[in-house]
C-alpha cells in the first residue's frame, strides 16, 4: 500500500506531461481573441475551447477552465459546447496594458496546466509626423529629409518617406500609381536620404512622411518642391582683405565660390564683428560671381573677424554654411577726442610747491584709433616748433607729480604708433562750490549700484562720482571714479570694482564752470548677507545684580552688510532666557536685575538686514555682595574693632570703672591672722620648702590645737 500511494504523484505528473506532448494538446485546446491589437483602454474578448476526447487523461473527467493575464488571474464563464467541448469565454472591459499574454489553464485533480495562449497588444493609431524639411546635398545630389515624430503609439510602427511627381503645375496632386517610397529610416531615426537615382531635378515633386501601424496610418503635411530649390550650397572661401589707402575706414574683400556652385547665379552675405562685440554686423545684397566687394565704417586699429555665405539668386533654397573665418586688423591713426580727467591737490613739503594727483580715463575704442602706447602730461600746451617739458610720461591712467604753487592748468594727451592726440586741458579748480541737495544708492545687481542725487540750484557742467571699498586696514589704493557729462542726469550706474558683501563709500562732486562743488557722501552695499561671525564677549565687571560686557566690533570686511543691531541673550540654570537689543554704535552693555550668586550663560548675536549670526557663549557667576556692601561690612567691622580698643583703654585708665569690673581682694598674707602663731608652735622650727625647689611641701608633723580655757583670741582675729 505504501508503494502504491507513493506512485500516485508520479502518475499525475505523467498524465500532465502527456497533455503537453505533441500528441496530447495538438487539436486538444485553442485560444481565440477578438483582435490581437486593440486601442488602449478598449474591451478585449477571448475564448478557450477544450476537446476532452483529444486530451489524454481528460476523456472521462470534468474539465475546469481558468484564465491568467500575465500572472494575474481573471474570471471567465464556462459552458459545454458542441461536440463534447468545454468552452470558457472571457471579456476584459478595459485593457490598459500595452502588451500582455493571456493564458488558458485546465484544472485536473487539483493541479493547473497551461493549454493555450494569446498575445495581445494595445496602443494608439500613429501620430501625425510634423516639421518635415528636406535639403539637397550638392556633393552627391541626395535629398536628405528630417521630421519630428508625434506621440508614442506603443505599437510597432513603420515609417517611410514617400514622393510622387507633381501632376499639375499650379496644384500639388498625386496619383496613387505614381507613389514611390523614397527611403525608410533606420535605427529609429527621424531622417533618411533619397538617392539621386530616384529624384527628378528641376521638376516639382510631392514629398511626405507616412506612419503606419495595426490601428491606422498617418501622414505629414505634403511638401511640393523642386529638389534644386532646397539645395544647400557649399560655402565660399575668403581669399584676402585689404584696407583701401585713401578711404581709411573701408576695406576690400576678395573671395571664391565653391566649384559645385560655379554654374549658378548666387547672392551672398558678409558678416563681421570685433572680438568684444556681442552681435555681428551684416552686409547683404552681394553678387556671388563678382568675387570682390568693399565695406566701410570700420574703426581704426581694430581687429575684425569676417565670414561669408551664399545661396541661389532665386532666393529659394538654403544658405550655405558660413565660410571659414578670416581676421583682419585695420590700420591705425592718431587718437582723437578729449580725455576725462579728475584730480586732487595738496600743499607740497617744499615751500612754493604743490603735489598733484591726476587721473584720467583711457579713450574709447572709436577714439583710440588703435592701441594706445602711453600718455604724456605737461604744464603748458604744445606750440609750433617746440614741445613743452613733460612732467609725466606713463602707460598708466594716473600720474602723481609736483608743480609750482598756484598752477591752474595741466595738459594730458594720448599717443599710439600713428601719432599723438590733441592735448586735453585740465583746469585745477578749487573745491568750494555748492554741494548736491541729496544722495542715495540702490543695488542693481551683485556687482553694480545705481547712484541717485538731487541736482543743485546752480547750473553744472558735469558730475564726478568717486567710490572706494571700505577696509579696516589702511588702504593705499586709489578710488574708482567716473564722469557724467549729461548735465540733466540725476542717476548713474557704477560697476567698476563693485563686489557683493563689501561696503563702499561713494562721493559725488558737481563740477561748475569756475569751481568744484563740495562733495556729499554715502555708504552702500550691492548685496548683503549675515555677518561672517559675531563679536567675542568680554566680562568687564560684575556684581550680585549687574554684569558689564564689552566686545570688539566686527571688522567691516566681515560685516557683509550694515549692522542693524546687536542682541545680548542671557540664561540661568533654570533656563530663564532674557535678551536686549543694543545699538550697533555701542561696544558695551550692562545686564541688570541678575540674581546673586547665580551662574549665567551669555552670548551675542550680530544682525544685518539680510540675516543674523550668533557668537560663542560666555559663562559668568554673580557675586553674593556688591562692592559697596563689602566696603560697608569692612567699615562696620573696623568701627567695632576701634570701639573695643577704646573701651579697653578707658577701662585701663579709669579706676572707678576698673573697681567695678575688677574689685580689690585683701591679701591673706598681710592679715593679722596670718601673723598670729600659737605658743605651742613657737618652740618648733617651721620647715618651709625652698623657694627654688619645685614640687609639693612635705608635711612631717600635724599638731592639733585646743583652746586654752579662759584665754581669749588675739585682737582682730576670729574664732577658728
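All positions are counted from 1 along the displayed chain.
Using the three backbone atoms N, Cα and C, a Cβ is placed for every residue, glycine included.
According to TrEMBL, the signal peptide annotation covers 1-27.
For 235-333 (among others), the entry in TrEMBL reads domain 'Fibronectin type-III'.
According to TrEMBL, the domain 'Fibronectin type-III' annotation covers 335-434 (among others).
Confidence for the domain 'Fibronectin type-III' (435-530), expressed as mean pLDDT, is 91. Under the heading domain 'Fibronectin type-III', TrEMBL lists 435-530 (among others).
Residues annotated as domain 'Fibronectin type-III' in TrEMBL: 531-627 (among others). Helix first, then strand, then coil: DSSP counts for the domain 'Fibronectin type-III' (531-627) stand at 5 helix, 49 strand, 43 coil.
Under the heading transmembrane segment, TrEMBL lists 632-651.
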(request) For the domain 'Fibronectin type-III' (235-333), give the DSSP counts of helix residues, strand residues and coil residues. (result) 6 helix, 49 strand, 44 coil
